[in-house]
């Protein structure tokens with residue numbers, strides 16, 4: 001594959017676009033992968049969107065834990081939009097090219113969303129710690145105002161973590177080749193394409209990733225260790241079951257997310273084989289956003305009850321109109337939600 005680029009002032013050809021190899025396969029296999037990715041993408045957006053709508057529409061869910069859950073679902077929608085649409089375009093394209101600027105924008109948004117998730121999960125663990133270990137003080141400490149401020153802080157902090165590392169990577173000379181053995185612009189494959197070694201930048205990215213992952217992971221681990229001790233002291237079996245069910249969904253999501261990103265980012269990325277990078281990245285960026293709504297909606301009785309209630313209301317309103325076009329005209333905001341509720345429940 002030749003280098004697509006331009007000559008700089010020193011006469012060296014510089015890369016202006018990258019080629020994302022994604023998953024090399026035959027045309028028939030690509031068609032199947034496109035169909036699977038498209039269906040999983042639609043399901044992910046609809047399931048997470050149903051949870052966001054449920055929390056927004058039912059005032060009884062306007063509490064810290066559901067505010068956090070709605071933000072987490074919104075994050076999953078944003079997260080999958082940083083990778084899957086470009087993957088679909090990549091499978092259907094013959095050139096598989098992405099511009100230099102678009103590549104680094106994807107890099108920035110992909111990692112910002114990932115860091116947001118690593119910050120929201122500890123916040124959700126802290127909320128469960130307060131609710132179970134400090135039940136009398138919980139309404140005073142974790143009120144809606146504080147919860148929304150903490151959520152906003154998570155989003156802002158995440159988007160401030162990677163601009164400087166990305167700036168330094170963009171200043172490296174990329175003179176060819178320009179082929180990335182990945183489906184997303186990840187720092188490991190990008191640094192491998194630099195014309196000069198950049199061990200300092202690679203080590204800095206690895207240290208930053210490790211600090212974010214380990215600090216948040218051990219915070220979650222510490223929170224649930226205290227929660228577990230408190231739950232085991234609950235005298236009634238029903239109380240213990242309720243506490244475990246409340247925390248079980250969150251622990252399942254934590255295990256899926258941290259289990260995959262630890263494989264990728266706790267050591268310098270150049271040490272991981274290309275195939276492993278792609279499979280693990282696909283899992284935590286596309287598969288877990290699809291699974292997480294199922295975990296929350298199946299394990300959380302309140303969310304299931306609200307989703308069922310909204311579904312019943314939309315069905316009743318739909319039955320009042322004889323034609324689908326009239327239904328869509330009168331209740332346009334309920335029409336797409338109706339189908340997402342069928343899939344989510």
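Any Cβ shown, glycine's included, is placed from N, Cα and C.
Per TrEMBL, the features are as follows:
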- 31-53: transmembrane segment (TRANSMEM)
- 47-296: domain 'G-protein coupled receptors family 1 profile' (DOMAIN)
- 65-84: transmembrane segment (TRANSMEM)
- 104-126: transmembrane segment (TRANSMEM)
- 146-169: transmembrane segment (TRANSMEM)
- 207-231: transmembrane segment (TRANSMEM)
- 243-267: transmembrane segment (TRANSMEM)
- 279-299: transmembrane segment (TRANSMEM)
Candidates 65-84, 104-126, 146-169, 243-267; stretch with most C-beta pairs under 8 Å toward the transmembrane segment (31-53): 65-84
Tertiary contacts of the transmembrane segment (146-169), as residues 6+ beyond its ends and Cβ separation under 8 Å: 64, 67-68, 71, 104, 107-108, 111-113, 115-116, 118-120, 123, 127, 187, 190-191, 198, 201, 204-205, 208, 212
Residues of the parent chain within Cβ reach of the transmembrane segment (65-84), under 8 Å, 6 or more residues beyond its termini: 37, 40-41, 44-45, 48-49, 51-52, 55-56, 106, 109-110, 113-114, 116-117, 120, 123-124, 127-128, 131, 144, 147-148, 151, 183-184, 285-286, 289, 292-293, 296, 300, 302-303
